[in-house]
Structures are given as C-alpha cells and as structure tokens.
Amino acid sequence: MEIISPIITPFDKQGKVNVDALKTHAKNLLEKGIDAIFVNGTTGLGPALSKDEKRQNLNALYDVTHKLIFQVGSLNLNDVMELVKFSNEMDILGVSSHSPYYFPRLPEKFLAKYYEEIARISSHSLYIYNYPAATGYDIPPSILKSLPVKGIKDTNQDLAHSLEYKLNLPGVKVYNGSNTLIYYSLLSLDGVVASFTNFIPEVIVKQRDLIKQGKLDDALRLQELINRLADILRKYGSISAIYVLVNEFQGYDVGYPRPPIFPLTDEEALSLKREIEPLKRKIQELVH
C-alpha cells in the first residue's frame, strides 16, 4: 500500500521554479508519511517544463530524499535520453515517462520502442506512466511484457483497467492515479500516485492505516470526503486549486502554477476556501 506524491512545482510570479519552496514542500510530505515522490508529473506540470527545469527539480529534491521517481517524458527523445543519463548518477527509485502524444495513430511498436530506448540506457528501474486521457494512447500490457518494467502509474477512472495490468504483468507494481479511487486502489493494487497528497497527505495516510486495521467503513468515509473535494476542485481547475489548498491545509506558501495552468484570482481563491471549509472541518474531525 504505497502512497506516492506527484509533487507540484512551485513557481514565483516571474514563472521561475522556487527551489526552496519545492524542498520545504517535499520535506513536509515525507514527514506526513508519504512513501516516495513522483517528480515532474502532470501535477508538477512536467509536460510544460523545460529540460533544464526537469533536471533542476530532480537536483533540488535529491537534496531532500532519494525516494524519487523521475518523470522524463518528452516528444524530443534526445532530451529524454539526456535526462535519463543525468539521473544515472543518482541513487533514486526509478525513471518514468508518459507515452509519446499529439501524433495520431502511432503503431504500438513505436510506443514499445520509445520505452525500450529509455530502458536501454537507464541504470534505474522503469516505471510506465499511462495517461490515455492526456496522451491519446492507452499502453497495452502486451507491449510491456518484454520490457524491464518495475511499476506502472495508471491514471484512469476505471479501476478494472488498472487491474488488467496487475493480472497480466506478474511482479510489476501497479498504482492508480485517480484521487477518487484511492480507497479501492489501496485495497486492490500496490498503491496510489495521488495529487491530493500535496494538500491532504495525512488524510490519505490515515486511509491506509484504517484499511490495515480493518476499519474499512471509516476509510470509505474519508474517501467520500475526498470525492466531494474533487468535485469542488474541478470547478476551479484542479491543479491551480491545489496551490491554494496547500497553504489552506498545510499552512505554508508554495507560490503559483505557471501558464497554461493559470493561477486562481484572489476572488476565486477566496471562493474556493469558503466552499471547502465544511469539508475541511469534517476531515480534521475524522483524522485527528
């Protein structure tokens, strides 16, 4: 039952990565019981980061922990290879990549070749990042059987889809990436890579503790509150809202997202805080 945080990337008002804020945030997540950090994922605005920024994030977080999965995905394979080689010098958990995207009707052999190239030069374990809603490609288990895959992050609202990986790829760790499926993923998979760990890490850790104790009804009650939070965040833009809610729930500032993920206006941030306040109180009652 591993809980992995796809950490946000804090930016200042000029759009530069705030390394100090990133480190502070990572330290807090680990202190709250998060097992590992997924670097440069979707929540971390990975596809919108430059090669140098991706490298900078890894460097900064490596000062905090070695429990890192380094997401290197890009349409520029030369950049991917350079990032993988850079990470080879570090003692991290593994490297990961989303599939190629944008270009329609890529044959499966191209997807397989992309991951083969990463695995060929990496000294670390390979984690597949499957996000069909974002990339347009759903990576089938069949093309992964010949690859040295350690784990799969499956960002999918269909738990049965994640279970297909589990059933067809023995020995491969499978994590679901949906906040609304945390409870069910902890029960049936190897864990979760959930964006809500950025602002309510202790809630998700509490869910795991309750499940281990056999208190499934209590864990499910927390999931209900998480799902209600998810409904609210979608109205504002989930990733943008997370930056506001880290401060609201954890008590420190993580700056701003960067366009094309625009920060909330002051009015939107205030409205969000008001809307989640009843849920915040209920969560605090159940966790503490």
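Glycine residues also receive a Cβ, built from the backbone N, Cα and C atoms like all the rest.
Quick look at what Swiss-Prot lists:
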type     : residues                                                     : note
ACT_SITE : Lys153                                                       : active site, schiff-base intermediate with substrate
BINDING  : Thr42, Thr43, Tyr129, Asn130, Tyr131, Lys153, Asp154, Thr155 : substrate binding site
SITE     : Tyr129                                                       : site 'Proton shuttle'
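With a cut-off of 8 Å between CB atoms and residues at least 6 apart in sequence, the same chain places Ile4, Phe38, Gly41, Ser96, Tyr127, Ile128, Tyr129, Asn130, Tyr131, Tyr175, Gly177, Val193 near the residue listed as 'active site, schiff-base intermediate with substrate', listed in sequence order. In the three-state DSSP scheme, Asp154 (substrate binding site) is classed as strand. For Tyr129 (substrate binding site), other Cβ atoms within 10 Å of its Cβ number 28. Counting only residues at least six positions away in the same chain, the Cβ atoms of Thr42, Tyr129, Asn130, Tyr131, Ala133, Ala134, Asn176, Gly177, Ser178, Val193 sit under 8 Å from the Cβ of Thr155 (substrate binding site). Thr43 (substrate binding site) falls outside any helix or strand according to DSSP and counts as coil. Every protein chain shown contributes to the tally, and the Cβ of Asp154 (substrate binding site) ends up with 28 other Cβ atoms within 10 Å. Using the Cβ center of Thr42, Thr43, Tyr129, Asn130, Tyr131, Lys153, Asp154, Thr155 for substrate, the list of other same-chain residues with Cβ within 8 Å runs, in sequence order, Pro6, Gly41, His98, Ala134, Gly177, Val193. Packing around Tyr131 (substrate binding site) is summarised by its Cβ count: 21 other Cβ atoms lie within 10 angstroms of its Cβ, all protein chains included.
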